[in-house]
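Visitor: Taken from TrEMBL, the feature transmembrane segment covers 28-54, 87-105, 125-146, 153-173, 242-269, 289-313, 325-347, 359-380.
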């Protein structure tokens, strides 16, 4: 059986995690919740790293192979085999296909179309068609093709964005301590009386948590679908868990914070009034580096959102595999449906798109989080096993005889081999 590399699994999960939420979502959280929203977003990320570790470790543990001998897995598999609840796995898979196969891609193309229209006056329909064409080339090559593209594009796009944020930091270095103090103080509602933001603590908390969840996807049950496709190094499920916990850190602590700094250090940020969403991020960067700012953000959105579309596809294909629909016809229907949503999303208003996304996302997260809690004993035992081997100077390896209770719940042939 063949798996993608751990690095490819990380870049595909970052492709999907790092999207519109990192640019527009952070701006919306600041607009509605003030600077304090960022503090709550950081807290969500710390909890999210633990959740991402647990769900990706389980995704690895319960993975199987498809007809082509490639690894597939994810929450549907650990819900069906680990919890013996195939009915819940089917509901989860349908919600995953609706959200990641269809709806979320409309959110991403909507943002690209808006940014291209604002910066370069490109008609929305044209953006939608071109986007669908390029995405089609990648996704018709399947999960391996997505992994190859993500591996080459994602590290560079993230690096370029972070470097621009670092430049902004250096240009405003004397204002940074005051801004960090503002983030912490307004997180607990101490600064709101002065700033006039209504509902200080609650607004900061709600918006930070909501946007943090949407951006880093921890606990939603999406990322384990790609974590399961990897050949773990070392050969132990926990190693993929750690890789994906790093993904949450990069997404929220590094990239979302970069956006927040650019906005908070600019002269254009007025909570509750003025611009919001991607426009606020574009205006803020323009305030720092001049007319090139909005163009840079438009290109960042193009790359961030495009890679999200192809990353999301790889998740949806896993759900098809679980439901036994990943034959030629099923896969082609999914791919065409996804590309149609990309074009539709480019032409729609943002609200319609987001409301549909929120509903299916909530259903997925609920089922997945319950499953993680019920399987937490397995996660704890795997983690302990991993660290005990590390402590004794060995490279951690999963040995089936240490886990007799898993014998009839996992695909033992995968874990007996030493690939």
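Even glycines carry a Cβ here, placed using N, Cα and C.
Have a look at these and tell me how they're positioned relative to everything else.
Guide: Listed as Cβ neighbours of the transmembrane segment (125-146) (distance under 8 Å, sequence separation of 6 or more from its ends, same chain) are residues 4, 12, 15, 70, 109, 112-113, 116-117, 226, 229, 306, 309-311, 313-314, 317, 331, 335, 338-340, 342-347.
Outside the transmembrane segment (359-380) by six or more residues, the chain places 51, 53-55, 57-58, 61, 75, 78-79, 82-83, 88, 91-92, 95-96, 98-99, 103, 213-214, 219-222, 241, 406 with a CB less than 8 A from a CB of the stretch.
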Visitor: Cβ pairs under 8 Å only, please: of the recorded stretches 28-54, 87-105, 153-173, 289-313, which one is richest in them relative to the transmembrane segment (242-269)?
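Guide: That would be 28-54.
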Visitor: Using a Cβ distance cut-off of under 8 Å, indicate which of 28-54, 87-105, 289-313 has the most pairs with the transmembrane segment (325-347).
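Guide: It is 87-105 that shares the most Cβ pairs under 8 Å with the transmembrane segment (325-347).
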Visitor: What residues elsewhere in the chain lie close to the transmembrane segment (87-105), defined as a C-beta under 8 angstroms and at least 6 residues from its ends?
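Guide: Sequence-distant neighbours of the transmembrane segment (87-105): 16, 74-77, 79-80, 221-222, 225, 308-309, 312-313, 315-316, 318-320, 322-323, 334, 337-338, 341-342, 345, 353, 356-357, 360-361, 363-364, 367-368, 371.
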Visitor: Is the transmembrane segment (28-54) packed against any residues at least 6 beyond its ends, judged by a Cβ distance under 8 Å, and which are they?
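Guide: Distant Cβ neighbours of the transmembrane segment (28-54) are 179, 182-189, 191-192, 195, 197, 200-201, 203-213, 215-216, 218-219, 223, 238, 241-242, 244-245, 247-249, 251-253, 256-257, 260, 263-264, 269, 271-272, 276-277, 280, 369, 372, 376, 379.
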